[in-house]
Amino acid sequence: MDHFTYRGGRLHAEDVPLERIAEAVGTPVYVYSTATLARHFRVFDEALAGMDHVIAYALKANSNLGVVATLARMGAGADVVSEGELRRALAAGVEPGKIVFSGVGKTEAEMRHALDAGIAHFNIESEPELEALSAVASAMGVTARIALRVNPDVDAKTHAKISTGRYENKFGVPIDRAPDFYARAGALPGIEVIGVDVHIGSQLTDLAPFEAAFAKVAELTRRLRAEGHDIRRLDLGGGLGIPYQASNAAPPLPFDYGALIRRTVGDLGCQVVIEPGRLIAGNAGVLVSRCIYRKSGEGRDFLILDAAMNDLIRPAMYDAWHDIVPLTEPAPGAPLTPVDVVGPVCESGDTFAKGRSLPPVAAGEMVAFRSAGAYGAVMSSEYNSRPLVPEVLVNGAEFAVVRPRPTYDEMLARDRLPPWVG
Ligand code: LLP
């Protein structure tokens, strides 16, 4: 459920008409809903009620400080994968003791920064990384808490580019090799083994792969405990999918995901960490764009928008579907015609949708891409020297620009002429 609905014929974010934001800030613009973020956080929190748990929001989905601070105020932790994300989490007020550091390529500088901050634990993905962390922590005279990210070789049945739990993927350590890894970790200076971590992929629309992975984690935990390791935290990653297409079957609910967690690992008495990103932020955001031209092609019409692949890359990168709706509610029974929805970037890949049945949208009118709150703004770029798209956070009847659109002067000022052409 989200808070983007038509009221009086105009699409609103909570109590604010999106048109009003577009007029104030210009288009394209990302707009997020506080009530939706809060609701999604709460459903996870309720799904795990009664278990010791941390909801470590995956910042990679949407790392805007306004968004992260909103979640931090509700008690969210953070899953970070770079020093930049760590700094964002800390700046947004996330408690260091609720921050986990994931990712296959943490540098020594990033490890030092995280140890200084006192984060909850590192999710370790390889032996060389473990050794590097041991050396860094020992040199600092501190102990690094770690969980090993195990690769359970489970098919997440999602898009190949966002599947991470098969042996062919670069992530984690094959689960069969985990006992040896833990034996080695237990003997290293500066390292304290505290848990097991798993993350099998993103946009999962079936609970069965989670069940298979968590069952393997439970089995491994029992074995590691028998071998003398004090496993007290299970980090089960993120990955629960969201409905992108109003007409598709709804993915599983967080409540059922929570029940699955209880069923598979609940009897181990561990603290459970989950790292949801998309489910919290995805349907809490839209990208608002204006139609620049409507162009008749040979056998097809093009809707040329002022948003482009640099602003929302998911359709070009994963063939992802985003519902596209006009800001003005179409009259009941308005005819639907197929159009190719494209941006102004000079690549054929700059196509948001092909042959999409849409109600009439004329030049000058605006549309919203739904489900754009996760992996939208964070994956944007300045390709074609298009300034980064701004972000707005709505809260009831109020809204605030939480990242302004850079001016062209600011954009150009970041470059320098080398002395030999100056
Ligand atoms: N934890 C780890 C270790 C991850 O790698 C990810 C996502 C998450 C948590 C959060 O997963 P979520 O709950 O959001 O599914 N750019 C792609 C998605 C990439 C996901 C990468 N890892 C997209 O636009 O679909």
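Using the three backbone atoms N, Cα and C, a Cβ is placed for every residue, glycine included.
Bear in mind that TrEMBL entries carry predicted annotations, made automatically and left uncurated.
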With ARG314, TYR318, GLU347, TYR375 listed by TrEMBL as substrate-binding, which of these, ARG278, ARG414, ARG416, is given for the same site?
ARG278
Identity of the pyridoxal 5'-phosphate-site residue among GLY239, GLY343, GLY349 (reference: GLU275, PRO276, GLY277, ARG278, TYR375, source: TrEMBL):
GLY239
Return the count of C-beta atoms lying within 10 angstroms of the C-beta of ARG278 (pyridoxal 5'-phosphate binding site), excluding that atom itself.
26
Between the binding-site residues GLY239, GLU275, GLY277, ARG314, which lies closest to LYS60 (N6-(pyridoxal phosphate)lysine), Cα to Cα?
GLY277
State which of the following binding-site residues has the fewest other Cβ atoms within 10 Å around its Cβ: GLU275, GLU347.
GLU347
Consider the binding-site residues GLU275, GLY277, TYR375 and say which one has the Cα lying nearest the Cα of ARG314 (substrate binding site).
TYR375
So if I take the recorded positions (GLY277, CYS346, GLU347, TYR375) and measure from each Cβ to the nearest atom of ligand 1, which come out below 6 Å?
GLY277, TYR375
According to DSSP, does TYR318 (substrate binding site) sit in a helix, a strand, or coil?
helix
